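Colleague: For reference, the structure I am asking about is given below.
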Amino acid sequence: MGFLRLTLSKCWTSGRVARELAPRARVLLISRGLVASTPLKTSSPRVSRFPSARGSRGYSTKQGANDGRSNSPVASIITASAITVAVGVYLYKQGLEPTKMDALKVAPTSANTSKGDVTTHAISLAPVRSNDATEPSLPKVLERLDDDTVDISKLPREDAILTTAPEVPPPITRDYPVLLQVPLETTTKVTQLTSQYKYEQWTFNNTVPGPFIRARVGDIVELTLTNRDAAGNPHNIDCHAFTGPGGGAAVTTAEENETKTARFKLLYPGLYVYHCAAAPVPVHIANGMYGLMYVQPTEDLPSVDREYYVMQSEFYHEPPEVDDDGRPSDTVEFSYPNGLREEPNIVAFNGSESALTRDHPLKALVGESVRIFFGNAGPNLTSSFHVIGSHFRNVYRDGDVLSPPGRCIQSVGVPAGAATIVDLKMAVPETYTLVDHAIFRLDKGAVGFLNVSGKPRDDIYSSAQPPRPCVGCKLHA
Ligand SMILES: [Cu+2]
């Protein structure tokens with residue numbers, strides 16, 4: 001840069017550049033200190049293409065009698081080059097100071113284009129990692145769980161408290177592992193799936209979703225699965241909290257009226273989906289065979305005033321058959337083609353269209369904190385879980401209870417076969433609405449209510465106009 005500045009300055013004072021620079025470019029160069037502020041002369045020295053002992057590099061300057069413009073092509077090339085360099089230097093200084101360049105790290109990356117595999121350079125916007133960043137490690141107690149062997153005969157036995165949605169078992173307060181006994185039964189039952197149609201669901205413990213199971217990391221779950229399905233279908237358990245073949249499915253498949261028992265050590269805390277994985281697996285899940293297991297960490301999440309269990313899922317059915325009286329049947333049956341196309345007829349919270357609206361809306365008081373254990377059984381769709389009119393103060397994404405939670409979040413994506421935990425603080429009274437914010441699904445049933453009562457908070461939410469009833473709207477009670 002110093003050499004460039006010196007060269008340009010010499011060119012300027014010698015008059016080579018001055019005649020060729022447009023006034024605007026000259027102002028730029030002067031303002032950036034690249035040339036001296038010598039005023040332009042009306043009769044400038046011109047460049048001679050003839051060698052002279054007085055000129056530098058074989059060129060001399062002579063006072064011309066013409067209009068001061070050089071007709072020499074060599075001189076034009078030189079001056080054009082000087083202007084190009086000077087303007088380039090100016091633009092560099094103006095827009096891309098070295099500090100700004102540092103913020104835009106250039107990293108090689110591969111890009112597949114229609115012309116084939118091409119290696120390109122793209123500007124990475126990813127934050128630069130600090131050198132002293134360290135990866136978080138699992139707590140010591142977890143690191144040992146899969147190494148230490150347990151004498152199961154010495155563990156105290158305990159019956160798991162199983163609850164039906166939307167209820168959640170109370171927090172576990174013990175600080176030691178137990179042999180936790182979890183009895184499950186498979187059944188079938190006809191449910192009022194929508195206001196229009198009934199549907200035969202396949203269940204765990206006669207509910208859809210199946211019971212909420214609460215355990216503690218380090219516990220040994222002793223699962224007993226009894227098949228009470230009179231239709232003769234085999235059933236089993238694939239629990240995402242279990243470690244081993246099939247998540248337990250390999251050793252729990254029970255035929256009709258058969259009971260299978262197996263034990264599983266809980267190595268990892270978190271919120272996990274369980275489901276039946278008997279063939280054909282999609283049919284068993286689509287018909288209602290799923291639930292949630294919460295494996296508490298050694299230190300549970302901060303306590304809240306209320307905890308609820310909500311699980312989203314889809315149902316796929318054929319059109320109703322026509323009965324003998326010529327009317328369409330009020331019962332519909334499972335549709336494999338619709339499931340295969342991933343086009344559900346019903347998207348529901350807690351197993352039916354009315355489960356969280358007319359039947360069992362969630363409840364809370366103004367000022368209370370509410371925790372929702374939210375699972376998505378699928379079997380196909382990803383949920384965009386959202387509560388209209390509120391925020392998730394904490395989001396334990398993907399059911400991860402070891403990492404710091406996300407804060408102040410509007411919607412959370414929950415893929416099929418996954419779960420999340422969200423905390424809300426109910427600031428004002430109203431009927432809050434649980435939805436999948438893939439919002440057409442509200443017309444397929446993905447609506448739930450959280451009724452919050454208490455004293456209004458005009459400092460947070462107020463209007464001089466009365467609220468207008470929302471006739472026919474499914475989002476508001
Ligand atoms: Cu099954």
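Cβ coordinates come from backbone N, Cα and C, glycine included.
OK, TrEMBL features for this one:
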| type | residues | note |
| --- | --- | --- |
| REGION | 41-71 | region 'Disordered' |
| COMPBIAS | 58-71 | compositional bias 'Polar residues' |
| DOMAIN | 192-299 | domain 'Plastocyanin-like' |
| BINDING | His235, His240, His275, Cys276, His284, Met289, His437 | Cu cation binding site |
Colleague: Which binding-site residues among His240, His275, His284, Met289, His437 have CB under 6 Å of ligand 1?
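Modeller: If the test is a Cβ under 6 Å from any atom of ligand 1, the answer is His284, Met289.
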Colleague: In the structure shown, which of the binding-site residues His235, His240, His275, His284, His437 has the fewest other Cβ atoms within 10 Å?
Modeller: His437
Colleague: Test of understanding: give the count of other CB atoms lying within 10 angstroms of the CB of Met289 (Cu cation binding site).
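Modeller: Met289 (Cu cation binding site) is surrounded by 29 other Cβ atoms within 10 Å.
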Colleague: Where DSSP helix means H, G or I and strand means E or B, what are the helix, strand and coil counts for the domain 'Plastocyanin-like' (192-299)?
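Modeller: Within the domain 'Plastocyanin-like' (192-299) the tally stands at 14 helix, 46 strand, 48 coil.
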Colleague: Which residues in the same chain, at least 6 apart in sequence, have a Cβ under 8 Å from the Cβ of Cys276 (Cu cation binding site)?
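Modeller: Non-local contacts for Cys276 (Cu cation binding site): Thr186, Trp202, Phe204, His235, Asn236, Ile237, Asp238, His284, Ile285, Met289, Tyr290.
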